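**Student:** Mind looking over this structure? Questions follow.
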Amino acid sequence: MGRKVVPVVKQAQRMVHDGLVPAAEGQTEPDASSQGSGIKLRKELGLLDGVAIIVGVIIGAGIFVSPKGVLQNTGSIGVALIVWVLCGGLSLIGALCYAELGTMIPRSGGDYAYIGEAFGPLPAFLYLWVALFVIVPTGNAITALTFAQYILQPAWPTCEPPDEVIRLIAAIVTCVLTAINCYNVKWATRVQDLFTGTKLLALVVIILTGLYALGAGKTENFQQPFQNTITSPGHIALSFYSGLFSYAGWNYLNFVTEELKDPYRNLPRAICISLPMVTIIYVLANIAYFVVLTRDELLSSNAVAVLFGEKMLAVMSWTMPVFVACSTFGALNGAIFASSRLFFVGARQGHLPTAIALINVKRLTPVPSLVFLCIITLVLLVIKDVYVLINYVSFVESFFTLVSVSGLLYMRRSKPDLHRPIKVSIVLPLIFFVICTFLVTCPFYVSPVEVGVGIAIILAGIPVYFVFIYWKNKPDWLTKSSHAFNLMCARLFECVLEDQR
């Protein structure tokens, strides 16, 4: 769950000819072979490229913030490690199920397209609704708070930084990166390239240092690995929320299937290579944490990697918060860059206001979408506890993942003749369905506020759908108000509207 984001959707061909937007998804140049038959994406991604994409997207800020959440809800080191392994296995099963969905319904939008195909426009709209107000901005808020926590920790070495300062820094970095993405796409991608390697470097340092300490005989923290285990189903579900937050992105390769060489062979192979690889990295990182830090030390710190560095890296301990801060900075930039593009899909289907899909004429960037997401993210920064945010977003995301997999099972019966280039064993979606049902229902009594807020936001989308989407004969004043709002945004942000292409 640290977050499913959809790449840039294909723009109208007339905009291509006008030079206003990229030719196609991912800004890939037209294939020469496509002349006379429409614009297509080049199939340039091989198996190793697919593996690199999945590993690069999944490994992010989550591994530096989630270990505390997993341990907090499992109570013991032994069960925490089991949860990390099971989260990897669940992500592998989910990715294979989504491979069937993605090749069966080869349209942009991910869950939005799958839910719409299986259950119709209302459930699809509700997914887009919560993506706009919950999934995307909450993921960005968590990453921004993690960045602030780590960058500030050296200034408060003996205690936690003040909440107000953490949220202020998180707000500033969110606004700065939003401005960069509004101003120039190349600047945004350069920022991404610069900071991508730091997350891997930080993990390599943590794993090697921890394994060295383990080899030197530091095993006292593993003497009673299952002591203090919490067996409550609700808490176990919440521990999975924290773990799965770190694995978010397992379905990302679905969005570039069109660019994969031999996709129906390479997609499942890339999934089966990358997910076990990420699971091994995460389990080794957690073993390293548990070798060096006691249970109480890990639970007392919101910046686990900083505390790890202080105990193991001596005079070089300052490098750990720098590495993690750079990692989260790059992750936040990538999330802002990609997530703002999701809403083009909904706007094309008439499920979002045209204003959301405006493109700045001079910069060729989706300025209104970026600004809107920035505002929602800033509002969510008011929440002090990052683990409340994780539970909040994980419940909503798990619910719609459950809906998508339910759609896969439903279409096995309702649309048996649909072409399925990849068809997994029925056992896999059934296992995934059962586990997702457990994850959605069990936290009700443990975190009723977060679950209640998530349900309320989902339900709030229903009247919005019927008033603004389903209702065709709207009063003139409502139609004119909507059009006036779109024009105002177009002038304010120097953008073009869909109907002006």
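The backbone N, Cα and C atoms fix where each Cβ goes, glycine too.
Look at TrEMBL and you will find 45-65, 77-101, 122-145, 165-185, 197-215, 235-255, 267-292, 322-344, 364-383, 389-410, 422-446, 452-471 tagged as transmembrane segment.
Could you place the listed features in the three-dimensional structure?
**Tutor:** Long-range Cβ contacts of the transmembrane segment (77-101) within its own chain (Cβ-Cβ under 8 Å, at least 6 residues beyond either end) map to 54, 58, 67, 70-71, 114, 221-222, 225-226, 229-230, 236, 239-240, 243-244, 246-247, 250-251, 253-254, 267-268, 271-272, 275-276, 278-279, 282-283, 286-287, 290, 295, 401, 404-405, 407-408, 420, 422-424, 428-429, 431-432, 435.
When Cβ-Cβ distances below 8 Å are used as the criterion, the transmembrane segment (122-145) is approached by residues 1-5, 60-61, 65, 111-113, 115-116, 166-167, 170-171, 173-174, 245, 248, 328, 331-332, 335-336, 339, 342-343, 345-346, 351-352, 373, 376-377, 379-381, 383, 386, 389-390, 392-393, 396-397, 400, 403, 454, 457-458, 460-462, 464-465, 469-470 of the same chain, each at least six residues removed from its ends.
Residues 59-61, 63-64, 281, 284-285, 287-289, 291-292, 305, 308, 312-313, 319-320, 323-324, 326-327, 330-331 of the same chain lie 6 or more positions beyond the ends of the transmembrane segment (197-215) yet place their CB under 8 Å from a CB of it.
Note on the transmembrane segment (422-446): residues 90, 93-94, 96-97, 99-100, 103-104, 232-238, 240-241, 264, 267-268, 391, 394-395, 398-399, 401-402, 405-406, 408-409, 412 of its chain, located 6 or more positions outside it, place their CB under 8 angstroms from a CB of the stretch.
Long-range Cβ contacts of the transmembrane segment (452-471) within its own chain (Cβ-Cβ under 8 Å, at least 6 residues beyond either end) map to 121-122, 125-126, 129-130, 133-134, 350-351, 392, 395-396, 399, 482.
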**Student:** Quick one: do the transmembrane segment (267-292) and the transmembrane segment (45-65) reach 3+ CB pairs under 8 Å, ignoring pairs fewer than 6 apart in sequence?
**Tutor:** yes
**Student:** Look over the recorded stretches 45-65, 165-185, 389-410 and say which has the most C-beta pairs under 8 A to the transmembrane segment (235-255).
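**Tutor:** Looking only at 45-65, 165-185, 389-410, the most contacts with the transmembrane segment (235-255) come from 45-65.
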**Student:** I need to check the long-range neighbours of the transmembrane segment (165-185): which residues 6 or more away from its ends have a CB within less than 8 Å of a CB in the stretch?
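**Tutor:** Those are 140-141, 144-145, 147-149, 151-152, 191, 329, 332-333, 336-337, 340, 360, 363-365, 367, 370-371, 373-374, 377-378, 381-382, 384, in sequence order.
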